[in-house]
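What TrEMBL says about this protein:
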- 97: active site, proton acceptor (ACT_SITE)
- 24, 25, 26, 27, 28, 29, 30, 31, 96, 97, 98, 99: ATP binding site (BINDING)
- 153, 156, 185, 188: Zn(2+) binding site (BINDING)
- 173, 174, 175, 176, 181: substrate binding site (BINDING)
Ligand SMILES: [Zn+2]
């Protein structure tokens, strides 16, 4: 379990910010972990604000809602830069579904941390094809703390790090479709991808 280096910044010393990343597959409890950290900051009377990309319209427009209904109010923003203004006066900001922002999120998080804000970013580290997702890899590089949380593979019960898409759609973003995904381990993810794309996998194997 992640224990904060400190919850309250700047008692006596200059206010310090930093970046935390919570990443993992679908059903890994990323949002629950984000909410846990933000609730602890709230108990410490920190000013907390949560943002998410405006395109994530699952459940309620203004709540970060995790799959276990443990929710915190949040502000949808169309672009990451808006957070720079909206986060003024905040001690801690949370960003949920960070993978859906573009690369400018990285610079925004760095600027917020540089001006003394604790920034906690949660998002999918890989897309449904097992590729690094949006700004997440760069965020992990600039973060002080990275936590990878795991789901459980629905096929074999091992730890799962992949989000396997059950449907045939090839769109990178399928919103509000949690039924369309399964958490899978490396082996079961590969088996699923082979079943979905028998030819392309055969070609890859032939090349190696
Ligand atoms: Zn498995």
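Each residue, glycine too, has its Cβ placed from N, Cα and C.
Long-range neighbours of residue 173 (substrate binding site) (same chain, six or more residues apart, CB within less than 8 Å of its CB): 55, 100. Comparing the Cα of residue 153 (Zn(2+) binding site) with the Cα of every entry in 30, 96, 97, 181, these being the recorded positions, the smallest distance points to 181. Figure note: comparing Cβ neighbours within 10 Å for the recorded positions 96, 97, the maximum is reached by 96. Apart from 153, 156, 185, 188, the Zn(2+) site neighbourhood in this chain, defined by C-beta within 8 angstroms of the site C-beta centre, holds 154, 155, 157, 158, 160, 184, 186, 187, 189. Closeness to ligand 1 is met by 153, 188, these being the recorded positions among 97, 153, 188 whose Cβ falls under 6 Å from the molecule. In this structure, residue 30 (ATP binding site) is part of a helix by DSSP. Rounded to the nearest whole angstrom, the C-alpha distance between residue 98 (ATP binding site) and residue 181 (substrate binding site) is 18.
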